[in-house]
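This report refers to the structure that appears directly beneath it.
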Amino acid sequence: MLEFTPSPLAALSGETPIWSLRAAQRGGREGMVGGYKGRAQQGQHWSRVGRRPVATSAGHGRRAWEGGASTHRGAAVRSGGAPGRAPGPAAARSRRARGGAWRLRLRLRRGLLSPAQPRPCLARPRPRPAPGHVRPRPRPVPSPVIPVDAAAATPRDPELWCRATRSDCWSMPPASPAPPKKMLGQARFSSPGMAPNTCCCSPAALQRKLPILAWLPNYSLQWLKMDFIAGLSVGLTVIPQALAYAEVAGLPPQYGLYSAFTGCFVYFFLGTSRDVTLGPTAIMSLLVSFYTFHEPAYAVLLAFLSGCIQLVMGVLRLGFLLDFISCPVIKGFTSAATVTIGFGQIKNLLGLQNIPRQFFLQVYHTFLRIEETRVGDAILGLVCMVLLLVLKLMRDHMPPVHPEMPSGVRLSHSLVWAATTARNALVVSFSALVAYSFEVTGYQPFILTGETAEGLPSVWIPPFSMTTANRTISFAEMVQDMGAGLAVVPLMGLLESIAVAKAFASQNNYRIDANQELLAMGLTNVLGSLVSSYPVTGSFGRTAVNAQSGVCTPAGGLVTGVLVLLSLDYLTSLFYYIPKSALAAVIIMAVAPLFDTKIFGTLWRVKRLDLLPLCVTFLLSFWEMQYGILAGALVSLLMLLHSAARPKTKVSEGPVLVLQPASGLHFPAVEALREEILSQALEVSPPRCLVLECTHVCSIDYTVVLGLGELLEDFHKQGVALAFVGLQVPILRVLLSADLKGFQYFSTLEEAEKYLRQEPGTQPYNSREDSAPEHKITLLQA
């Protein structure tokens, strides 16, 4: 029975309470545990709420935190003697410290106290030592340095204890980080002394969802200068292209401009590539013309639905679905679209009217009515094409600028660079000036763009129904009319944009987030539908202009978007005089580089079989775009399944027959592998033993296991053996778990050949009759 009698001096001072027997017993147990663990850990016990190190009750640990129970290393209390003795005055302070720390943590969890706020020191000062007592000097502990994670930018240990303003006031040392926990709202800590758990709204997570936070804090004036130049260059390029692409989509010219500015502002916040610019493109405009029947209401609704599909794919991280469309299919579709778009502008280049939009009918009627060519449009169109080509060649072959060059040379170089970069706007302005000059004289030899709606677009919800002269078309009917376009348009938009982003990210040595790109494009189409935009995607031509102009951040898109808005508000009256032949020249020169003439020769040299999906996609896309894409993807899938169903095998003749599959074994390959083994080993006279060398087999399924079991039975009936060599651990575990009769496994080919040469052909091997090998027991236990 333990007893406790407080000292009179302590009782008078009020520092020592009257302790019960239960408190004495608990203090003795804690002191004993703290002392034993202090010996094991050399006294490095960090208490939950303690403030300074003291000797453990057993006297073995160097330091333990005064009062409180440790979270994971034990506890130590200052009891002042043997383990069974009652605690001293430090125990009373420990209770008060624990209560204060509990209230502090409760305030922190409820958000009443910020982790970065300075915390009050909860430890009370030590009692004054007796006269003549030499106080041991505590081991120096460095001031805590709060490490900041570069990705999360949050303190590792926000539970800062009091600063070392006094010699008896300590700070908690940084501990190893705890596993992250996703919390709603603010970060919550699992226990004091451990790293805070990463929450869903940590700086790293916010930077992933809002990439602008990664570069905006470091924005500089030099970046502003380069982004302004690049945004201005892209803006002068996109305005004439948007007018021309609206013609490709079969929509009024202003819809091209409506589609050109939303992506600039959305990608400023959500884009992960500094080069990509979102807006109308030739291929997307062609797809829109196929599925919207030249009706703006259909085009705007298609943009909204495509954006919703892209947003869902981004949230569910379904970007991997794009990997199932092979490169030959993409090249075939792009080449066919280039021919379709380019030839579709021949009618505007020659001034022909009332030409059907279906490709084959378009070709037929163009050649049939070639005699109706307008000389003015043809001459102007050819002159614009030549000017665009010359300016492009000048831009591609400009020598670099050196700082030691004279200022006049550098100025002239800058002027030439600006003229060649904004060549589309320069040529379109020149043609509009020529058309206006003829308009003043009263004779107009060109077909003009005509009236364009003035002012900024109104913000409206997308049209979920459309009223015609005869009836009202419901939302369900509009969706049914668009049909496959709801799948083709968002997928091709994603393919084009991500392909552009990856190409320039690889060229300029940075990385992009494909799923974040899906979110940016989906939100662009959804918000763009509110301002009458049709579906948009990343433009390869304008992205190249952006990169060549030295863009540093997505902020260049702001300049482009503002320039488009200004043109809508102030320049729409001037668009009336732009000849259609000039816009046709801009489109033809923009899509010409998309036709890859080298891909056919490359595939012929690398793998001729890949020419099949390329040619199928290329030819069927002239009939219907969706048929070409679906047919090409189907051919690619069939080729992939054929290679999986007929895996290549290598057969080595010798004393023992060795057969080596070249890839993984899946259920389509079971029958082909069985026929190969039977023809090589069992259908010969006499039957031969076989070693199945599985070094390259990385995965199997249940159907393959059943097929191997049947093969083992066939070999058992013929009185010969089938052995396995080079099995990877997961494959071996599956086969051992299946408990196949007659299964034999060897670690090396030499061991298998040696064993099978010594094995009599009439004595089959049955693993069930032997003792279980050690590796089988180990793998099954694992």
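Numbering starts at 1 and runs along the chain as it is shown here.
Cβ atoms are placed via backbone N, Cα and C, with glycine included.
The compositional bias 'Low complexity' annotation in TrEMBL covers 73-92, 115-124. Summarising the annotation, TrEMBL assigns domain 'STAS' to 656-756. According to TrEMBL, the feature region 'Disordered' maps to 36-99, 115-145. The transmembrane segment feature in TrEMBL is assigned to 228-246, 252-270, 299-320, 332-355, 375-394, 415-438, 484-505, 517-536, 556-576, 583-604, 616-641.
When averaged over the domain 'STAS' (656-756), pLDDT in the model lands at 87. Outside the transmembrane segment (616-641), and at least 6 residues removed from its termini, the chain residues within Cβ reach (under 8 Å) are 286-287, 290, 324-326, 328-329, 332-333, 335-337, 339-340, 359-360, 484-485, 487-488, 492, 609, 668. Spatially, the transmembrane segment (583-604) is not adjacent to the transmembrane segment (252-270); fewer than three Cβ-Cβ distances between them are under 8 Å for residues at least 6 apart in sequence. Secondary structure of the domain 'STAS' (656-756) per DSSP (helix as H, G, I; strand as E, B; remaining residues coil): 51 helix, 16 strand, 34 coil. Long-range contacts of the transmembrane segment (517-536) within its own chain (CB-CB distance under 8 A, at least 6 residues past either end) are made by residues 249, 251, 255, 258-260, 262-263, 266-267, 270-273, 276, 278-281, 284-285, 287-288, 292, 296, 299-304, 306-315, 318-319, 457-462, 489-490, 493-494, 497-498, 501. For the transmembrane segment (484-505), the residues of the chain that approach it from at least six positions outside its boundaries are 272-273, 275-276, 278, 281, 283-284, 287-288, 290-292, 302, 305-307, 309-310, 313, 319, 321-322, 325, 330, 333, 511-512, 514, 517-518, 521, 525, 535-540, 543-544, 547, 625-626, 629-630, judged by C-beta separation under 8 angstroms.
For the transmembrane segment (556-576), the residues of the chain that approach it from at least six positions outside its boundaries are 226-228, 230-232, 234-236, 238-239, 242-243, 253-254, 257-258, 260-265, 267-268, 271, 274, 277, 432, 448-457, 546, 549, judged by C-beta separation under 8 angstroms. Taking Cβ pairs closer than 8 Å, the transmembrane segment (299-320) reaches residues 249, 251, 255, 259, 288, 291-292, 462-464, 478-479, 482, 485-487, 489-490, 493-494, 498, 514-519, 521-529, 532-536 in its own chain, all 6 or more past its ends.
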